[in-house]
Structures are given as C-alpha cells and as structure tokens.
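Structure first, then comments.
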Amino acid sequence: MSPAHGNRLGTPESPNATTLLLLGSGELGKEVVLAAQRLGIETVAVDRYEHAPAMQVAHRDYIIDMTDATALREVVQQEDPTIIIPEIEAIATDELKRLETQGYDVVPTAQATRLTMDREWIREFAAEEVGVTTNEYAFADNYDTYRKAVEDIGIPVVVKPTMSSSGKGQSIVRESAEINGAWETARAGSRSDTGRVIIEELVEFDSEFTLLTVRHADGTTFCPPVGHTQQDGDYRTSWQPHSLTTEQRTTAQQMAQKVTDGLGGYGIFGVEFFVQDGTVIFSELSPRPHDTGLVTLSSQRLSQFDLHLRAILGLPIPDIDVERPGASAALVVDEPLTRPAFTGVDEALSMSDVDIRLFGKPEAYPGRRMGAAVATAIDIETAQERASEAVDCIHVSDDKT
C-alpha cells in the first residue's frame with residue numbers, strides 16, 4: 001500500500017483521474033465517496049443491489065455479486081482504479097489478494113480485509129498473539145462442540161457467526177432453553193459456508209466504546225473515544241467524547257495500536273472495547289469507518305471519513321479534537337417498506353444544532369437503519385437528547401402515491 005497518492009491528484013472523468021473503487025455502497029460508503037469527491041477523486045461504487053446509497057453520489061456504479069471472484073476481477077480490470085476500498089465483509093478476499101500482488105492498492109491491505117472479516121482470527125490474534133485483554137471465548141463448527149463450549153463458559157453467553165456483520169446471526173443465551181435457538185440463529189446468519197460460531201462470555205459491562213484509530217504514513221493518531229449503545233449487536237446511538245480515565249484511555253490506545261500494527265496498511269480502524277469494573281476489554285475491530293463514528297460528522301472538524309481518505313492518500317493528519325460534544329441516533333424501521341418515504345424531517349431540523357442524514361436505501365426491512373440524526377451541544381447529555389428527539393420526529397412509511 002502506497003501512501004503517496006496525495007502527491008498528485010488528477011481530475012475526475014479525465015485520463016489522469018485518481019480513481020477510488022468502493023466495494024460495498026451503504027451509508028458509510030456514501031460518506032467515503034462524498035469525502036473523496038471533495039478532494040477531486042473519481043469514484044466508482046459497487047454493490048449487490050441497484051440504487052445503493054453510495055451509488056447515488058458516485059461517478060459510476062456496478063451491480064455484481066462481490067463474492068464472485070470473476071465478476072470482481074472484471075470490474076477492477078475495466079476500471080483500473082488507483083485505490084480499492086472494501087467497505088463490507090462479503091467480498092472475494094482471495095481475489096483481492098491476487099489483485100494486490102498485481103499492483104493494486106487495497107485498503108488497508110487485502111490480508112487485513114480477509115482476516116478481520118473472521119471473528120475467529122481477529123479474536124485469537126488479539127488475545128493470543130498480541131496479548132490484549134478479552135472476555136472468555138470458544139469456537140464450534142458442530143452442535144456437540146457448541147453445547148460443550150456453552151457449558152464450559154457458563155450461561156449467559158453471546159453466540160455469533162464467525163463471519164457476519166451488523167449484528168446478523170447474533171443472540172444472547174440467558175437460559176438453557178435458548179441454547180438450540182441461538183445455534184440455529186448463528187448458523188443462519190453466517191456469511192461463510194463453514195457455519196462456525198463464536199461463543200463468548202457475556203460481559204455485563206459498565207460501558208462500551210469505539211476508538212477510531214488512524215494509521216498513516218507518520219504513525220498512529222487516535223480520535224477521542226466514541227461511546228455507543230447497541231441493540232441486537234447493531235449500533236443505535238453514539239456520542240463523543242466518551243468519558244474514560246487517563247489510564248483507561250491509555251490502555252485502549254495501546255491495545256488498538258498493537259492490533260492495528262499487526263494488520264498494517266493505512267486508513268481508519270474502528271476498534272471496539274468494553275469497560276467492566278474499570279477494566280478495558282477488547283471486543284472487535286473493523287478496518288474501515290465505523291457506524292458508531294457517524295457522530296464525527298458533527299463533533300470533529302474532520303470526520304472519520306475525511307481522516308480515512310487523508311490517511312489512504314498520504315495527506316497530513318492533524319491532532320484530532322472534539323470541536324463540541326456530539327451525539328448521533330440511528331433511524332431504524334420496524335417493518336418492510338418497498339418505497340420508503342420520510343415525514344417529520346422539517347420538525348427534526350427545526351431543533352438547534354441538529355443535522356439529518358437520510359441514507360437513501362431503496363427499500364427497508366425490520367431493523368434496517370434508514371438514516372441518522374447528529375447533534376452538538378454544550379454537553380453530551382444535551383446532544384444525546386437532541387439527536388434522539390430529532391429521530392423521534394421522523395416517520396418512515398410506504399409511499400403509496
């Protein structure tokens with residue numbers, strides 16, 4: 001991975017264009033595209049369905065099965081991009097590695113993309129090779145092994161596929177009657193053919209947070225911690241800065257640096273932690289902008305998306321501070337919608353220091369994030385109230401006209 005692309009940025013839709021190929025075109029990818037276009041970068045969005053959010057703002061788009069190595073290679077060969085940015089896990093990562101050996105820049109690296117999509121690898125790497133503190137865990141690829149792992153760790157446990165995203169296939173076992181159902185849920189939600197699951201000790205944590213970690217040519221820079229809440233393993237609210245002691249913050253930074261150094265490459269990493277009885281515990285890592293980091297659209301002068309592009313291109317990364325305490329809240333629907341329409345946006349935007357992001361997803365299903373509110377205030381509590389109230393103003397329904 002070369003960090004020197006920023007030494008010469010071309011002109012979009014011309015022979016000298018600097019071209020970014022985005023694999024995965026959801027709401028986070030959309031913000032990456034917008035940040036790239038502010039730097040005059042030509043953008044190409046790829047996903048498995050038409051009218052994905054990032055496609056709506058990119059110069060060009062392709063609809064393919066990104067797990068199909070042949071289809072992926074054809075797009076890359078046709079576009080010959082300067083940079084390839086994977087934004088989701090469901091990609092033919094072996095093909096990415098082959099493309100990288102042929103000279104294409106994959107962010108942060110093809111190997112990091114492959115390894116971090118696998119909870120088994122990243123947990124064993126973090127706990128056993130790097131030596132960071134994690135909760136107790138085990139893996140299983142058959143029911144008998146799974147059942148024994150649950151018994152050994154002890155209920156309550158969290159059960160997840162080793163490969164999935166956004167909480168898919170995740171559930172909590174709080175009593176014996178839920179063991180079978182959790183196994184079936186994890187297997188059904190897996191993005192791999194192995195059907196392997198991870199069984200984790202349920203951490204009754206005091207808080208959870210994300211440390212947005214920027215690896216760049218001059219070293220590693222950390223954003224102020226982002227606190228967050230989740231429901232069914234998926235982001236619901238976040239705020240920045242999240243309160244930590246100096247010791248907790250230092251510990252988290254040391255862990256994040258060790259793990260991201262082991263992965264290599266440049267860009268932003270979302271490193272998740274729990275705090276339990278004052279102890280910082282490593283949870284998960286994503287080698288890309290993080291959903292909880294949507295709050296940085298309002299709280300930082302440079303959002304996580306701006307920082308991601310700067311790090312990738314080899315542009316300067318300044319010290320990162322919170323301009324003003326900020327919060328975000330996700331707009332989540334609870335029913336299937338084929339033509340989503342939004343009302344109440346005017347009411348939400350009448351609130352002080354509130355902004356709205358409607359992601360532009362072409363359809364909805366229960367639990368799908370369709371937008372978010374971001375807010376700032378004199379303190380975290382007020383910012384959280386504003387973001388939550390703004391989301392509550394907005395209603396999503398099928399447009400029957």
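Glycine residues also receive a Cβ, built from the backbone N, Cα and C atoms like all the rest.
Going through Lys97, Lys361 against Swiss-Prot, the one listed in the N(1)-(5-phospho-beta-D-ribosyl)glycinamide site together with Glu27, Leu28, Glu87, Asp291, Arg368, Arg369 turns out to be Lys361. With respect to their backbone Cα atoms, Arg368 (N(1)-(5-phospho-beta-D-ribosyl)glycinamide binding site) and Gly169 (ATP binding site) stand 14 Å from each other.
The two recorded residues, Glu272 (Mg(2+) binding site) and Glu208 (ATP binding site), have Cα atoms 7 Å apart. Spacing of Glu27 (N(1)-(5-phospho-beta-D-ribosyl)glycinamide binding site) relative to Glu208 (ATP binding site) is 23 Å (Cα to Cα, whole number). For the recorded site, Arg369 (N(1)-(5-phospho-beta-D-ribosyl)glycinamide binding site), the DSSP three-state label reads strand. Nearest to Glu200 (ATP binding site) in space, judged by Cα atoms and limited to the binding-site residues Leu28, Glu87, Asp291, Lys361, Arg369, is Asp291. Put simply, of the binding-site residues Arg119, Gly169, Asp291, Lys361, Arg369, the one whose Cα is nearest the Cα of Glu284 (Mg(2+) binding site) is Arg119.
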